[in-house]
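Visitor: One structure follows; several queries about it will come next.
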């Protein structure tokens with residue numbers, strides 16, 4: 001089975017299992033509470049719409065849009081045309097970590113953003129490979145799909161955390177037996193919801209990792225000769241992140257690694273070779289939103305070799 005067909009099969013399987021698991025758990029919860037199913041469905045749709053509408057403004061803060069004529073915009077425009085999707089709006093983000101991301105909706109316009117540190121550490125080929133990955137997310141509607149599948153675990157998680165916090169507060173300040181029992185009940189229900197959230201997140205994260213791999217697949221098949229550059233881009237991001245020093249109390253970056261082009265290129269190539277020969281457990285990234293870098297690099301090179 002080739003890489004593309006395998007990814008599509010696994011995405012169908014993981015997506016189906018995620019929807020079934022979320023459906024069963026939601027049905028059990030609303031049945032116990034006694035809320036009509038139709039009201040629950042309407043409530044979820046409204047929440048999804050609110051999230052869909054406001055997310056671009058939250059994600060897009062601290063960004064600056066670039067337009068036609070800007071080199072970054074022209075790269076994205078070329079990739080979008082070859083991917084057969086409308087050109088998204090293009091932004092430079094002034095976040096402190098090297099990253100690129102796709103976001104937006106049909107009202108605000110689909111968007112692609114690249115952080116300034118990423119622009120500083122990648123060469124032209126690596127940047128094109130990364131942007132092809134992000135355009136792949138837009139082509140595959142990953143923003144909308146990911147938001148929909150993540151909605152139910154998010155709601156259950158918020159309710160669970162609220163009950164746990166309230167339960168502990170009641171226990172701490174309990175003035176009589178009723179408040180003590182109520183606090184214990186909230187802790188018990190909150191604990192159950194926490195476990196359910198964790199289990200659902202396992203499914204959602206599995207699906208998310210496959211969508212990331214599918215975006216890698218889009219980049220590597222659109223520009224097959226640039227697959228190694230996506231690998232070195234991942235390595236440079238990893239190296240940069242490992243060398244960032246942050247304040248342990250505020251999380252603010254104290255120092256970031258200086259950009260040394262020759263050393264950066266050599267270190268990235270060495271890390272890619274390490275990943276290619278590294279044995280990774282199937283469960284190494286079970287709690288991660290993205291596949292382990294070694295898995296991503298191995299897939300990219302398998303596409304390059306036509307296996």
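Heads up, residue numbers simply count up from 1 along the chain you see.
From the backbone N, Cα and C atoms, a Cβ is placed for every residue, glycine too.
What Swiss-Prot records for this protein is below:
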type: TRANSMEM; residues: 7-27; note: transmembrane segment
type: TRANSMEM; residues: 38-60; note: transmembrane segment
type: BINDING; residues: 133, 137, 212; note: Zn(2+) binding site
type: ACT_SITE; residues: 134; note: active site
type: TRANSMEM; residues: 145-165; note: transmembrane segment
type: TRANSMEM; residues: 180-200; note: transmembrane segment
Visitor: Could you measure between residue 212 (Zn(2+) binding site) and residue 134 (active site) for me? Cα positions, answer in whole angstrom.
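Guide: Between the alpha carbons of residue 212 (Zn(2+) binding site) and residue 134 (active site) there are 9 Å.
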Visitor: For the Zn(2+) site given as 133, 137, 212, which other residues of the same chain have their Cβ within 8 Å of the site's Cβ centre?
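Guide: Near the Zn(2+) site, the remaining chain residues are 102, 134, 136, 142, 211, 214, 215, 216, 218, 219.
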Visitor: In the same chain, who gets a Cβ under 8 Å from the transmembrane segment (38-60) while lying at least 6 residues past its ends?
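Guide: Contacts of the transmembrane segment (38-60) (Cβ under 8 Å, skipping residues fewer than 6 from its ends): 26, 30, 91, 101, 103-105, 107-108, 111, 113, 144, 147-148, 151-152, 155.
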Visitor: If you count other Cβ atoms within 10 Å of each one's Cβ, which of the recorded positions 134, 212 has the most?
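Guide: When each Cβ's neighbours within 10 Å are tallied, 134 leads.
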Visitor: Can you check what DSSP calls the residue listed as 'active site', collapsed to helix, strand or coil?
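Guide: Once the DSSP labels are grouped into three classes, the residue listed as 'active site' ends up as helix.
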Visitor: Can you see whether DSSP assigns residue 212 (Zn(2+) binding site) to helix, strand or coil?
Guide: helix
Visitor: So what sits near residue 137 (Zn(2+) binding site) in its own chain, CB-to-CB under 8 Å and at least six residues off in sequence?
Guide: 102, 143, 211, 215
